[in-house]
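A.B. asks: I am attaching a structure below and will ask some questions about it afterwards.
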Amino acid sequence: MGDHLKNTREWIQNSSTSRNDLSIEMEGDSDSTTKKSSSSRYLSPRLHSEEEEIEEFITKEELKNPKEAIKAVRTRLPLYLPIVNWIRSYTKQDLIGDLLSSVTVAIMLVPQGLAYAILAGLSPIYGLYSGWLPLVIYSFMGSCKQLAIGPEALLSVLLGSILADFPETENLAEISHSLAFLVGIISFLFGVFQFGFMGGLLSRWVLSGFINAVALIIAISQLDALIGVKFDTHMGPYEKFYEACKRIKEANTYTIVFSVCCIVFLFTMRFVKQGLAKKGFKNAKYIPEIMILVIISILVTYFFRLDNHNLAILGNIKGGFPLPHFPNLKFSQLQALLPNAFLMVVVGFVEATAVSKGLATKHNYQISSNRELVAFGTANILGSMFQTYPVFASIPRTAIQDSAGSRTCLSGFLTSCILLFTCLFLTSLFTYLPKCAMAAIIFVAAFGLLEIHEVQFLWKTRSWGDLTQFTVALLATFILEVELGILISVGMCIFLVLKHSSSPHVYSVLGRVPGTNRFKDVAKFPEAEPIEGILLVRVDEILYFANISQFKQLLSEIEKMMDRSAVTTGSGSTPLQSIIINVVNIPVMDASALMTIQEMVEAYHRRNVKVAFVQMSDKIKDSFKKSGLYDIITPQYIFESNYEAVTFLEYSISQGQSHSNLDPDQMGKQQNLDIPAVRGAFDQHSYDDDDSLHHNQHFNPLTNNNNNFRNNQHLSNTNTGGYNNNNSSSPLYSSGGGAILTDNLKLEDTSDPESDDFITK
């Protein structure tokens, strides 16, 4: 076994020394190291991704030596300012991609910023201010290269709900700046004290229920502007809906017609863009339908003077450069704002984490949850001094920025320049923009937040527990206040974590015991050696929403360590080509785990890394089939034992081809199988899903759905390791082997129940 495999085993042993306090620290693109912590215990294992640890910038010892201090600054500066890393390798192609994406996003952000400020109950100009400085700060400090931050619908409706509780005599804009300052402080402290793990504490389905409820609240909140009737700002969503139906006769005809036309236009453009994309028009997604609507609305209103027919318009918007001003945070307001600031940080960060992790996976780089919190915190703190309200990531604009070709965080900086130019010189152009057009933009955007496919997935997989979480979060948020909905959603997730997290031990990396066919935990058994080109992992606890992200990241870290060890030792060994996941200890999986595993498998397949599963229970197999994951894996990669999976995949690696193309005779020769005996024994039989035998059907043990000859029996290793070596006359194995093929085609059990490869059914 090469040195790189030994190094990998040592790394796994070190990372498993304290499973209760697991953390993985990585610095930029440099080698990762492990750090043991004994000062705290967590509900579940704690994982830190790239650049997680917020360490002291320069230590006292380093300050005493100028050379060491300079070296420390050079080493740690990229951790605090990621721009230092990517700017060194910035290319002309990067600039083109960033420039195109920034213009595309700016065209979308200008009308959205105006609309979201109105949604928050503020003057439209504050939406533009909030899309300026925070983008500049994040472009320097953010680790997600395609993330678009700024004003967004969810936080805007939360802000509007908070400001509605203050009397009209208060300066609401000043309160929003103070809230942004508090949000920034909390986010910054969360990052410094490494609370980035909280991004994985909220269940996907609880968050989905909350977002769907907020989407409905946003849509209903625009009804007054859409029909031209004023409502009481303290009404709940169901009360507003009832009021709109009751007062429809008082509606302004011009406003209703204009609103309907705007909504129809926006929805129609969605279908048109989708249709064009299907026909091969790749640039169809860049059509700026929102900006087109804004321009048409302004022109129609101006030339036909619809404002004289009681069609409400934005009017004069006071632009100019936002002068620096420290938020006037009053102690009397602190009690009301602090809990809301905390809730906004949780919701905003969870949303941002969900989208940024997806982008990092797609573009093959790492993000740091803790440093993202620091970046968001700094953006809100400094932004609050330039008249912004709380901002985090915008999911729709992030999707546009990514698809438009954004390569680095510079795209956010360029977008901010366009926003600043608009604030300084172009605000007068929006004077005749109808408020109902803004309401239509928000109304349609709210429907974009609805996640109907998530409910369909839960129903299809029969995940009643997750569906209950979704429903409770949705109803609590919609019927009660938004703040109470957040508290109930977060409380429910914490309760679920407390209930399910009984053991922090998530996985074991298995290696082969030399001279045997036994596989043991390499962290506990020094003699067990990792398998070249194959990562064999046994999951040791139920995978669910709170730990599935950790498991995914752990696989990535182990893979990186294996590849790094191979490079540093210069062994020229085989890179990772296959992953085997033993799920014998998992009775069930929730919908979050199923969906994440599906995303993992698809990501590995795109890299030509095979993924196999071992010892899958009937319940897990049924869940895989219902979710479609079974077809993605394909039955050829589901095995009944570690030995079978390793044997087949090792041969696949050696031949440089997929398992489905393996030649049985070549396989038999390599494994010293007596091919005539195998043919004679198995050609007339086949196993179905119920482990029963069927005669007169062709059966190939190398391509059958079960991938093995071991169904309907117990199979394991002997106490001395491996299979029964005394059975040299076995018709199945011409030399070695301990599984005895009898006349009724069952393999007799000569097993040790303590073996990691023991199967019970």
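Cβ atoms are placed via backbone N, Cα and C, with glycine included.
Curation plays no part in TrEMBL annotations; they are all automatic predictions.
Annotations for this protein, taken from TrEMBL, read as follows:
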COMPBIAS  10-21  compositional bias 'Polar residues'
COMPBIAS  698-734  compositional bias 'Low complexity'
DOMAIN    524-649  domain 'STAS'
REGION    1-47  region 'Disordered'
REGION    684-736  region 'Disordered'
TRANSMEM  125-141  transmembrane segment
TRANSMEM  148-167  transmembrane segment
TRANSMEM  179-202  transmembrane segment
TRANSMEM  209-231  transmembrane segment
TRANSMEM  251-272  transmembrane segment
TRANSMEM  284-304  transmembrane segment
TRANSMEM  412-433  transmembrane segment
TRANSMEM  440-459  transmembrane segment
TRANSMEM  471-498  transmembrane segment
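Give me the local environment of each listed feature.
C.D. replies: Across all of the domain 'STAS' (524-649), the predicted model scores a mean pLDDT of 86.
Counting same-chain residues at least six beyond the ends of the transmembrane segment (179-202), those with a Cβ under 8 angstroms from any Cβ of the stretch are 42, 46-48, 52-54, 159, 162, 327, 329, 337-338, 340-342, 344-346, 348-350, 353-354, 368-385, 388-391, 489-490, 493-494, 497, 545-547, 549-550.
Proximity of distant same-chain residues to the transmembrane segment (209-231), defined by a Cβ-Cβ separation under 8 Å and at least 6 residues beyond the stretch ends, is recorded for 119, 153-154, 157-158, 160, 237-238, 240-241, 243-244, 247-248, 250-252, 254-256, 259, 310-312, 347, 351, 435-436, 438-440, 442-443, 445-447, 449-451, 469-478, 482, 485-486, 489.
For the transmembrane segment (251-272), the list of distant contacts is 225-229, 284, 287, 289-290, 292-293, 297, 306, 309-312, 434, 436-437, 439-441, 443-444: same-chain residues at least six beyond its ends, Cβ to Cβ under 8 Å.
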A.B. asks: Can you tell me which recorded stretch out of 148-167, 284-304, 412-433, 440-459 has the most Cβ pairs within less than 8 Å of the transmembrane segment (125-141)?
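C.D. replies: When the Cβ pairs under 8 Å are tallied, 412-433 comes out ahead.
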A.B. asks: What residues in the same chain, six or more past the boundaries of the transmembrane segment (412-433), come closer than 8 Å to it by Cβ-Cβ distance?
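C.D. replies: Non-local partners: 98-99, 102-103, 105-106, 109-110, 113-114, 124-125, 128-129, 131-133, 135-136, 138-139, 142, 147-149, 294, 297-298, 301-302, 307, 313-322.
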A.B. asks: Are there residues at least 6 beyond the ends of the transmembrane segment (148-167) whose Cβ is under 8 Å from a Cβ of it, and what are they?
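C.D. replies: Counting only partners 6 or more residues beyond its ends, the transmembrane segment (148-167) has Cβ contacts under 8 Å with 105, 109, 112-113, 116-117, 119-122, 127, 130-131, 134-135, 138, 142, 175-176, 179, 211, 214-215, 217-218, 221, 233-234, 336-337, 340, 343-344, 347-348, 351-352, 376, 379, 389-398, 400-401, 412, 415, 442, 445-446, 449, 481-483.
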